[in-house]
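Taken straight from TrEMBL:
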COMPBIAS  48-71  compositional bias 'Polar residues'
REGION    47-84  region 'Disordered'
TRANSMEM  127-147  transmembrane segment
TRANSMEM  211-230  transmembrane segment
TRANSMEM  236-254  transmembrane segment
TRANSMEM  261-279  transmembrane segment
TRANSMEM  317-337  transmembrane segment
TRANSMEM  394-409  transmembrane segment
TRANSMEM  416-434  transmembrane segment
TRANSMEM  520-540  transmembrane segment
TRANSMEM  552-572  transmembrane segment
TRANSMEM  584-605  transmembrane segment
TRANSMEM  617-636  transmembrane segment
TRANSMEM  697-714  transmembrane segment
Amino acid sequence: MAGLIAFLLVCLFLGFIASVVIVLTVLAKFNHLEKRVRYLEKVGVPLTESSSPGQQERSELPNPSTPTVPQTAIPPKKKENTFQPSIPKLKEGWEWFVGGKLLNRIGALALIIGVSFFLKYAFDHEWITESMRVLMGGAVGTALLILGEKFRKKKLTVFAQGVVGAGISINYLAIYASFNFYHLIPQQVALLLMVLVTALSFQQALRHDSLAVTLLGWIGGFLTPFLLPAEEASETKLFSYITLLTIGVLWVSLKKKEWVSIPPLTLAAVYFIWFAVHTESDQPLLLFGFLTLFWGMFVAVEVFLDHQPSTSRREIRRGSAAVNGLAYLAGVYSLFHPQHDDWTGWIYLGIGAVYILLSRKANLSTAFQQQYDIAAFTLFGLTVPLWFSPFPSIIFWSMGALLLIWLGIKQQKNHFWMFALLLYAVSTLQLLLLDETWWFTPLKAFQPVWNIRTLAFLVLAGTLAAGSILIRRLEKKQMQPIQSSLQTGWILLLFPWLTVETTDGFRILLTEADGKSSPTILYIYFMVLVGVWLLYALPLVWRGLKKQIHSLLYIGLTAFSLSLFTGIVSGAKFVPLSAFIPVLNLRFLMLALITISLFAIKLGIQTTTPQSHWLKKGRIVFSVLAVLVLFELLTVETSDFYRKILAQVPSDDKETLHFLSNLKQSSLSGIWLLYSVTLMVVGIWRRIQNLRVMSMGLFGITIFKIMIVDLSFLDTLYRIFSFIGLGTILLSVSYLYQKYKKRFLSAN
């Protein structure tokens, strides 16, 4: 019963395969015919219609009512038949592929499965002893090999390949069963037999020119250590076997260069086995030796194949070369990190030197030269963080990137400076992602500017600037974006450097200060930060406007906006109030500088005629901001002056406090009025409508304050002075507008 079930399963499997083959064949023919019909419809070939006999007879009878006029027969213009049958994707066509190759491979597989089922059925019923089973398997496998040779001589190449593949597979099964199932032979003998079968498979593959047979031997060879495991694991024996197997497989790939899939598969299998074993091994030097040996063998094959002019699929070989290098890097790192990082660095340095030597002396193709150069640069770059801490690593990477740009320009090798750009990007990311970049540790060892972090920032920024200059000298239009990126990069780096140096300097002061002085230090910190950002932004804005360099202009305006916002917010209240001196204080200096800078930027935009449309239209914004900052400056200086005096008056002296409060509000109203009048006078004198409009706006704010705020709590005497002053000023302004009406209209 079991045999019948097995037979039915085999029949079903073969029937399914045959059905798939038939369906594929029919679909291929159908697609071909459909393409032909579409082409005929496209070129306009008329369809021929069959006519009935009666219609044909009627068409031959002359029409009695209409005399026939003989006409000269005009031969129809022959239309060239430009239809070309579609070229089959396979070299011999679909039919031959299915009938000649696919059925052969399926037949060989079915034969192997059938023999396996038969053997199992016979074993279950104890028809054959264990020894006879193995001998029968070996005999059948050998017979198939002999039969395949006979078919090869009869020129039945594909059929012979299938028979040989079946024979090799059966031999593998027989040896495996004799060792693992029946224990008829020791492990050493089984291993030797497996090696012989693998070697035989490679020999047969070359003899029959069959990639399928090669893959069969490849699979059997790499599965042998796992199918025949030793009682005591030995890395030396295992990797010695893998080395010999790899040499054999690579030798086959060199004999048959068109079998491009063999080296990548071998590379993947070798490194997979190595990584699987090394996690449980305690012999790192032995593993390192075999790892280097594997890497060297694959590199040798790469170099040899690159010298062959007829080598195809070079992109696959370059991909294998890249995987070989990356696997070696990962293997060395996993062996020696973190206990022996110095060893890893020396190994990377040595392998990089080998890549450079091969690139220069091995007469490789351009693609492989570039790939080996990049591999060497990568190894040299990875050596640096193994030997040095982060900030020195950034310094060495930056200097290396600049050197590569110089060499790339001098030797006209684009991949040099392209790798340099990658190195710049890695250095910048490393610098910005380090915690020590933003919070210097240990803080007690911090010395402003004179520290390793500053050196890293300045070297990276300096090499970016130098690289930008070198690329600009090429005077190539396609290099302009790269040059602009490098220029923007070094300028942007200066901003975080100035910020963190200022911040850490005040962090030290805060750690040494007591609780009472901490607010004062924080206030001074923000004011100093405003000044630092201002000094950073103004040269960039000036240079950007003068040379019409938008990147500089936008960076400068962004930094200036941060300075402006910080100054406005931090300057609202002076800290500490007891140390306040009107005009002679840090806040007054910063807000005054911001005001002057705003007017200067507005003037620069007006005189340089920038190309940006929004910048032309936005000049008024800088004027408005300057007026508002100056308004804040006058207000906070006046307010803090009276706040300081009020703080010194005893709280029980109500009369003095009331008097000073009234005086404070009156002074603020008076200052606002004088400021508005000043803006109006300047606007009239310089014929600047924007200033006059802003003056009117400030008049409105002052009127609101006097009418609503001052009137509610000021004494009568202060109300009199406030309203008389307000009325006098407003009437004076109105008089000027009435008298010089035409002048204002012409100016507008």
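Yeah, the Cβs are placed from backbone N, Cα and C, and that goes for glycine too.
TrEMBL entries are annotated by machine, without manual review.
Tertiary proximity for the transmembrane segment (584-605) is limited to same-chain residues at least six positions away from its ends with a CB under 8 Å from its CB atoms, namely 524, 527-528, 530-531, 534, 538, 541-542, 545-546, 560, 563-564, 567, 570-571, 574, 615-616, 618-619, 622-623, 625-626, 629-630, 632-633, 636-637. Counting same-chain residues at least six beyond the ends of the transmembrane segment (236-254), those with a Cβ under 8 angstroms from any Cβ of the stretch are 191, 195, 198-199, 202, 205-206, 214, 218, 221-222, 224-225, 230, 262-263, 266, 270, 273-274, 277, 286-287, 290, 293-294, 297-298, 301, 304-305. Nonlocal intrachain contacts for the transmembrane segment (552-572), taken as residues 6+ away from its ends with a CB within less than 8 angstroms of a stretch CB, comprise 487-488, 491-492, 495, 523, 526-527, 529-531, 533-534, 536-545, 587, 590-591, 594, 597-598, 601, 610, 612, 615, 625, 629, 632-633, 636.
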